[in-house]
Amino acid sequence: MSADFLYMIEVVINGLMAGVLYALVALGFVLIYKASGIFNYAQGVMALFGALTLVGIMEGQVPFAHIINATFGTDLHQFGWTVPALLAILLTVGVMILLAWMVHTFVFRHLVGQEPIILFMATIGLAYFLEGIGDLMWGSDIKTLDVGIPQGGSLWVENLSSGLGGEDFYGFFIDKLDITASVVAILLVAGLIAFAQYTKQGRAMRAVADDHQAALSVGISLNFIWVLVWSLAGMVALVAGIMWGAKSGVQFSLSLIALKALPVLMLGGFTSIPGAIVGGLIIGVGEKLFEYTIGPMIGGATENWFAYVLALLFLVFRPQGLFGERIIERV
Amino acid sequence: MKDQVEPHVTADGRRIGGVLMDLRGITLRFGGVEAIKNISFDIREGEIRAIIGPNGAGKSSMLNVISGFYHPQDGEVWFRGAKRPAMKPFQVARLGIARTFQNIALFDGMSVLDNIMTGRLTHMKTGLLSQMVWAGPAAREEAENRAVVERIIDFLEIQAIRKTPVGRLPYGLKKRVELARALAAEPKLLLLDEPMAGMNVEEKEDMSRFILDVNDEFGTTIALIEHDMGVVMDLSDRVVVMDYGRKIGDGTPAEIRANQEVIDAYLGVAHD
């Protein structure tokens, strides 16, 4: 095999891995959109908030240290202990569930039956609020997140693939973190699908998404289901936050990964879990391949805009996305 | 007017028991409009109780009061010998009151089987965590409830469409699936809001047969709203007649047929 071809394969594989991370964020959007018809602009900030909280708990940071110190004249910053990663993740899941409950109880419960655009506006407000609270709680420094996910190129893949090429081919370089992220994402998606399809709460969740009145008539508590949905979205956000945080540090620009999820959603359709995954993969592979093939001809840096142009094309020719529900109105 | 029916066995062998639900002085207002004006009647265990009346008489509002979708400004709802506090619809459903809707409220994106399984939700007790990991009890519970649902599917003769998404079904079958979902809850009281609206004669006959069979085989108490007088008179044990939010008649089909006020409301009365 020629070196060029092998290099292209490597580009595609790396694209797939990046796509998995995009899909992870998009998944959080789809989950909430399907179950409550809310387009949750705050999904990216939830990922940031999850990652910040995780780092804070792990490092034994005192939450709201600035306010406490300013009010009481103390000088508290650290509890002086560190929490093992697994325990910290469990605690953070608890925080995300609490957050879900608060978001539902204080915001969305009062907006039941409102226009979608109003719900959307509320999530924008929520996004800024969460970003502020995250800053207030844990400070605005860039933090490194190390939950023990292996990083760096995988020697195993390198050795395995080095035989494919000639003398000067050393095998594919694939980051272990990306491999881990893919495995986690696949498990998460399989778990979510199984949960939605085969458990009573999953069934109730789909029922609520379909028809509120009918759901009430069979004894489903809408409040419980909505808290459940926001909790799940919070957990997906946390997973995305951990993966992105481990990759590029926990910083406030993390909330912008939500923007990257938008083209993924337009491709895959807002209502489809498989769509979010396929959309993510297409965008991941597409932008890497485009950069590799067309990029050099037009001066590079195409990764910044390729996804959005692709999404735009989809909006023109197939507005419901690849897997989305076709909207047919009866006249 | 109020008839004192003692527990008894009907001519065709069904057992009519004591009072299951007692509505006392129900008044429901929407702003200035009085949809229901001080109405009282009861529903006895094991009977088929019809609520009839011209359009806009307040029949559906009455059903919505019973199922907790509306809360009356005045009056009391007594269920199984206890006064029921104001409840949300899902809490009412958990008490054992299932219903169908006039304009069908099914989960269009889900299969027939899944739709009917939602009717079993109130019977499934295992918690969120064991459901998530699909632990032994959760799996067993799912299987047990699935068996109940399959019996209902057989009973209503919808085996062939078990896996079909509900959104694709024709109207008559949707009505039947909705009945199946309500039955799956094994309700103590089953509320049917115009179960035969928009059906042709054949479909109406099928539905009538199912309603009678449900009442007969499971002993389910049924309260229904229906427009088709012929059907109502054939099906029901007792009938409440409403007009402009008032109760104008209450009794057996024979009594209702002979009630002058009811005849006037239905046929119109000459004002001279």
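Cβ coordinates come from backbone N, Cα and C, glycine included.
Features as listed in TrEMBL:
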- A:6-31: transmembrane segment (TRANSMEM)
- A:38-58: transmembrane segment (TRANSMEM)
- A:78-99: transmembrane segment (TRANSMEM)
- A:111-130: transmembrane segment (TRANSMEM)
- A:179-199: transmembrane segment (TRANSMEM)
- A:220-244: transmembrane segment (TRANSMEM)
- A:264-285: transmembrane segment (TRANSMEM)
- A:297-317: transmembrane segment (TRANSMEM)
Candidates A:38-58, A:78-99, A:297-317; stretch with most C-beta pairs under 8 Å toward the transmembrane segment (A:111-130):
A:38-58
Using Cβ atoms only, state whether the transmembrane segment (A:6-31) and the transmembrane segment (A:220-244) have three or more pairs under 8 Å that are 6 or more apart in sequence.
yes
Counting only residues 6+ away from its ends, which parts of the chain sit with a Cβ under 8 Å from the transmembrane segment (A:78-99)?
46, 49-50, 53-54, 57-62, 146-148, 227, 230-231, 234-235, 237-238, 242
State the residues, same chain only, that lie 6 or more residues beyond the ends of the transmembrane segment (A:264-285) and have a CB under 8 A from a CB inside it; answer 'none' if no residue qualifies.
12, 15-27, 29-31, 33-34, 39, 185, 189, 192-193, 196, 307, 310-311, 314-315, 320-325
So if I exclude everything within five residues of the ends of the transmembrane segment (A:220-244), which remaining residues of that chain have a CB under 8 angstroms from its CBs? That is, six or more out.
21, 24-25, 27-28, 31-32, 35-36, 40, 43-44, 46-51, 54, 89, 92-93, 96-97, 99-101, 103-105, 108-109, 112, 145, 147, 149, 177, 180-181, 184-185, 188, 192, 201, 204-205, 207-208, 212, 250, 254, 257
Would you kindly list the residues that approach the transmembrane segment (A:297-317) from elsewhere in its chain, counting only those six or more residues past its ends and only Cβ-Cβ distances under 8 Å?
260, 262-264, 266-267, 282-283, 286-288, 290-291
Restricting to the same chain and to residues at least six past its boundaries, which positions have a Cβ under 8 Å from a Cβ of the transmembrane segment (A:38-58)?
25, 28-29, 32, 82-85, 88-89, 91-92, 95-96, 99, 108, 116, 119-120, 123-124, 126-127, 130-131, 133-134, 137-138, 143-145, 147, 233-234, 237-238, 240-242, 244-245, 250, 252, 254-259, 261, 270
